Amino acid sequence: MRHNRDQLSSASHLHPDHSCSHPQACLHLTVLHAAILWTEISAALLMEQKVVLITGCSSGIGLSLAVHLASDPSKAYKVYATMRNLDKKQRLMESVRGLHKDTMAILQMDITDQQSILNAQSNITEGRVDILVCNAGVGLMGPLEAQSDETMRRILDVNLLGTIHTIQTFLPDMKRRKDGRILVTGSMGGLQGLPFNEVYCASKFAIEGACESLAILLQNFNIHVSMIECGPVNTDFLKNLMKTEPTDESVEVDADTRSLYKKYLQHCQEIFQNAAQDTEEIVQVFLEVIQSPCPLFRYYTNTALLPLSSLKLMALDGSQYIRAMGKFIFSAEHADSRK
Ligand SMILES: NC(=O)c1ccc[n+]([C@@H]2O[C@H](COP(=O)([O-])OP(=O)(O)OC[C@H]3O[C@@H](n4cnc5c(N)ncnc54)[C@H](OP(=O)(O)O)[C@@H]3O)[C@@H](O)[C@H]2O)c1
């Protein structure tokens, strides 16, 4: 590169503006050198493209992040946007409006199916992933007594084991190269308990433990693990989550629990209406992590939610947090109940 820049600058004193006896030939030479320089700059940029693999790109946070990175004007990223069901790829395709040809590829990947993870890995033409974003996840809401074994396993299979299997697959190569970033979409529900979300919170708490443990080890391999802790976000999450309907009479739950569940659902609806963030705000936090020379372990997308969480640290016996959260959810006057 330096060599060609030198060549170009030495050509510049042959430019027609300088005293030259063959202005036409000199102009051709200059254009030629400029073209060579531009090709080399483009090649260098492409060589430095960071390879990013994101799980759960059919909607929500994963989709927005994939679109944002693939649309980077300097083409700094090659994005492998993965989803378990390719029939859902249209939304992502429409969001990038054909601008993604050399910066995005869509791959099938179900994080609960090891063969599907391996197939996706073998389709990465660069043969490496620099930045792994474990984002896929599902919610589960309802009284604990109402949850079947099958439903609970499904949540743990995706949110916990699926995320761990994804990391397990891509980690050995990152370790070998002593380079990598692992970003995980976490949740405030992974830091603090939420009633009627017991199994979802269990899965998100568990992934916190797994990632914090990994982060300690991976410092030795120049691999950074970061949790992006989200509060409510406007996505398909509520639509996609598995939820017990409070009116479902086939569910055997006592009347008090049923009434508290209704209150919780009202609270949840209000929180999403009043405090949910748009995916673009979440994407900005992901970008901060991706672009940081030395990313931290935890990032919070919504600092308004931190005071309740910090009660856990103020009273390590847990009493303050449990009391405060109970009041916040069950004692508040909800708009619907005032009607
Ligand atoms: N939205 C919120 O309020 C919120 C708050 C805190 C944390 N989060 C976390 O944010 C992450 C993204 O959720 P979101 O809000 O963007 O919701 P979303 O729109 O429902 O997106 C979830 C994505 O995960 C995918 N997924 C589910 N099971 C999968 C599997 N087995 N293999 C591969 N992909 C799978 C879904 O694919 P399908 O379309 O095929 O189902 C979808 O693409 C989740 O980990 C969630 O726990 C969300």
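Cβ coordinates come from backbone N, Cα and C, glycine included.
Arg84 (NADP(+) binding site) carries neither a helix nor a strand DSSP state and counts as coil. Sequence-distant neighbours of Arg84 (NADP(+) binding site): residues of the same chain at least 6 apart with a C-beta under 8 Å from its C-beta are Gly56, Ser58, Gln108, Met109, Asp110, Ile111, Ser116, Ala136. The NADP(+) binding site annotation in TrEMBL covers 56-84, Asp110, Lys204.
Look at TrEMBL and you will find Ser187 tagged as substrate binding site. DSSP assigns Ser187 (substrate binding site) to a strand in the three-state reduction.
Look at TrEMBL and you will find Tyr200 tagged as active site, proton acceptor. In the three-state DSSP assignment, the secondary structure recorded for Tyr200 (active site, proton acceptor) is helix.
Here the CA atom of Ser187 (substrate binding site) lies 27 Å from the CA atom of Asp72 (NADP(+) binding site). Sparsest Cβ environment among the binding-site residues Ser64, Ser187 (other Cβ atoms counted within 10 Å): Ser64. Within 10 Å of the Cβ of Asp72 (NADP(+) binding site) there are 14 other Cβ atoms, across all protein chains.
Classification of Gly60 (NADP(+) binding site) by DSSP places it within a helix.
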